[in-house]
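Report on the following structure.
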Amino acid sequence: MSSPGTSVFTNFTKLCKGLALVLVVGHLVVQFIPATIPYLALIPARTIPFAWNLITSGYFELSVYGVVFSTVSLLFMGKFLEPVWGSKEFLKFIFVVNFLTYLCVFVTAIALYYITRMEIYLYMPFAGFHGVLAGLLVGIKQIIPDQEVLLLKIKAKWLPSIMLILSIASSFFTLDSAAYLPTLIFGTYMGWLYLRYLQRRPETKLRGDPSDDFAFSSFFPELLRPIIDPIALIFHRMLCGRSNVTSEDHDYATSGAPLPGSDSAEASRRRERGARALEERLATERMVPAKSKDELPSDALDSV
């Protein structure tokens, strides 16, 4: 029988294993056949005839370090998120966030070229799974915001913010920051946008997470939230419609009962489900052999 600690590195989901294999195979293809890079990577000057690279660019890494980090991160984060979301929703999240991230990177690169007239923005290859990984971190923030990450002793709700701060800071000391920083920024934002407004919740047939704990300002320190909230409200009304926001607020205030999808109902239930899955996972790893048959299997993320 394996020791309790070994389960940290086991029980990865089949879907995540398959996606990890795609990343590894994609890396091997571009390493052994470099001529495929212009057809698979996002090169803004070539995207108009090769529009499929808005999708393919996210599923391979150009460096060995990149493919190792991406596969390991995917396996561990997917180990927790996929059982909570479901395989279909997990795969849909990855596809949508990847596509929207690289679409924004393409538009940004074209805009930067017209502003600076520097052709590097047109011919720089953009590729990598790190945009989706940034979005998955937002999923961790949503499900278990107050759970401390093992070893780091940092609450999960701050992981996306810390990742972006470190990435922006490191960009001042590296020459190739333009190849990854926009992807991380847009991946984080698109992940939040999808979970905030688009993700369908089977238990209510509604979409999104309207809770205050998952507002855009929750990525920032408390001191900045009074400044961020009015700005974020503008984009919220653009996406949802002013009448929708007003009617929801009115119904909530007049009825005195929480709406389906409100913070006190669905958002808190989602967090409880995620925390329960994590607790079951930790209990499974620490259980003695005599209790092993009584525990329910559950996939969860022990470290990020």
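From the backbone N, Cα and C atoms, a Cβ is placed for every residue, glycine too.
Keep in mind that TrEMBL annotations are predicted by a computer and have not been checked by a curator.
Cβ atoms under 8 Å from those of the transmembrane segment (20-42) belong to residues 50, 53-54, 56-57, 59-62, 64, 66-67, 70-71, 74-75, 102, 105-106, 125-127, 129 of the same chain, restricted to positions at least 6 beyond its ends. Marked as transmembrane segment by TrEMBL: 20-42 (among others).
Positions annotated as transmembrane segment by TrEMBL: 62-81 (among others).
Residues or ranges marked as transmembrane segment in TrEMBL: 93-115 (among others).
Sequence annotations record features per position, and here TrEMBL assigns transmembrane segment to 121-144 (among others).
Residues 134, 137-138, 140-141, 143-149, 180-181, 184-185, 188, 191-192, 213, 218-220, 304 of the same chain lie 6+ residues outside the transmembrane segment (156-173) yet bring a C-beta within less than 8 angstroms of a C-beta in it. According to TrEMBL, the feature transmembrane segment maps to 156-173 (among others).
For 179-197 (among others), the entry in TrEMBL reads transmembrane segment.
The region 'Disordered' annotation in TrEMBL covers 250-304.
The compositional bias 'Basic and acidic residues' annotation in TrEMBL covers 266-284.
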